[in-house]
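Since the structure comes first, as structure tokens, the remarks are kept for the end.
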Amino acid sequence: MKTLIKWCTVIPVNVHYRQLFKTLLMGQGLSALICGTAVTSQYLASVYYLNTPMLQSFINYTLLGITYTIALIFRQGDGNILQILKTKWWKYLLLGLTDVEANYAVVKAYQYTTLTSIQLLDCFIIPVLMILSWFFLKTRYRIIHYVAVYVCVWLGPGIFDILLGDGLVLVSATLYAISNVCQEYTVKNLSRVEFLGMVGLFESIISAIQLGILEHDEVSKIQWTWEIALILAGYALCMYGFYSFMPVVIKMSSATAVKLSLLTGDLFSLFCGLFLFQYTFSGLYIVSLVVILVGFIMFNTVPTLNRALAPASDEEGCDNHAAEFDNDSTQGCVDEITCAQAEQDQIKSQVNERQSACVVINSVKM
């Protein structure tokens, strides 16, 4: 019994925190990629006066289409691109349109504001994500989740010092929230490759049309240099890596948890701004980084209930790894107890057989 209790309590806890640490590291990897897109966008806008947000996004969408859409073409059965287009083409069209405009709005915002003001994007997207997840994914949060969000959003970046008048950032945050909720549902119920392949297909088409309409004059006026080409390539590769790995982290946790983790990307951008844009260093940057990481850990240590993404055999599902390992540990206990009961039944059966044999022998002797 002591061994059983130890197996049910100690081991799952160790696995849980190992997975939490893994999710934390992957989230910070995504933050580094976001930092790369932010710095390159700010550099293009402030140094080279490049006003082509759709061109930047189009390169990324094309890379997604080349890799993931082609992978769908060679798939067999229901996962083939033709089968998906027959049944869900309009859903991915709307999702692609939402994501394209979200990226367009935030990259456009770099022409009118600074990296510091863009923090508003990541801060505003969190409550919008939670509201959408509540209604559409049936996610149910606990008190500690609201406390963790408060710690990350309000105490971490210091949102009360940021101007709230940037309409482009607010619009982009809302569109990002819609896109992220759809992304979480898709990667947890369908597949990461299908999501990226279909998004890459439709977003390439939409961005190409919007690029031709809105930015053909700006693109024709670009004085191409190797520096501009290198920065554009850096932006595209960072965004491509972000799109490719974000579904992996979302599947391990949730869209809300990932966005909380991405708040550190703003601080990484500020650190870069110290050297590239002559920002003034403040010790509060370090404090904010620690506070955000603490809030992220708080959010992920307690599972959120998620009915929309529940497995068929369960009444309620969970959308982060804390719940997953709670379920694993419970199942492990059940399996262990079942094995013990089976052994006891086998022993009883053997005893009954011996007793029956004894009765038969005694009857023969008499």
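Cβ atoms here come from the backbone N, Cα and C positions, even for glycine.
All TrEMBL annotations are machine predictions without curation.
According to TrEMBL, the transmembrane segment annotation covers 30-51 (among others).
Taking Cβ pairs closer than 8 Å, the transmembrane segment (58-77) reaches residues 83-84, 100, 193-194, 196-201, 203-204, 207-208, 211, 232-233, 235-236, 239-240, 243-244 in its own chain, all 6 or more past its ends. Under the heading transmembrane segment, TrEMBL lists 58-77 (among others).
Annotation comment: TrEMBL describes 119-137 (among others) as transmembrane segment.
The transmembrane segment feature in TrEMBL is assigned to 143-164 (among others).
Look at TrEMBL and you will find 195-214 (among others) tagged as transmembrane segment.
Among the features that TrEMBL reports, transmembrane segment is placed at 226-245 (among others). For the transmembrane segment (226-245), same-chain residues at least 6 beyond its ends with a Cβ under 8 Å from one of its own Cβ atoms are 26, 29-30, 33-34, 36-37, 40-41, 43-44, 48, 50, 55-57, 59-60, 63-64, 196, 199.
Look at TrEMBL and you will find 283-302 (among others) tagged as transmembrane segment.
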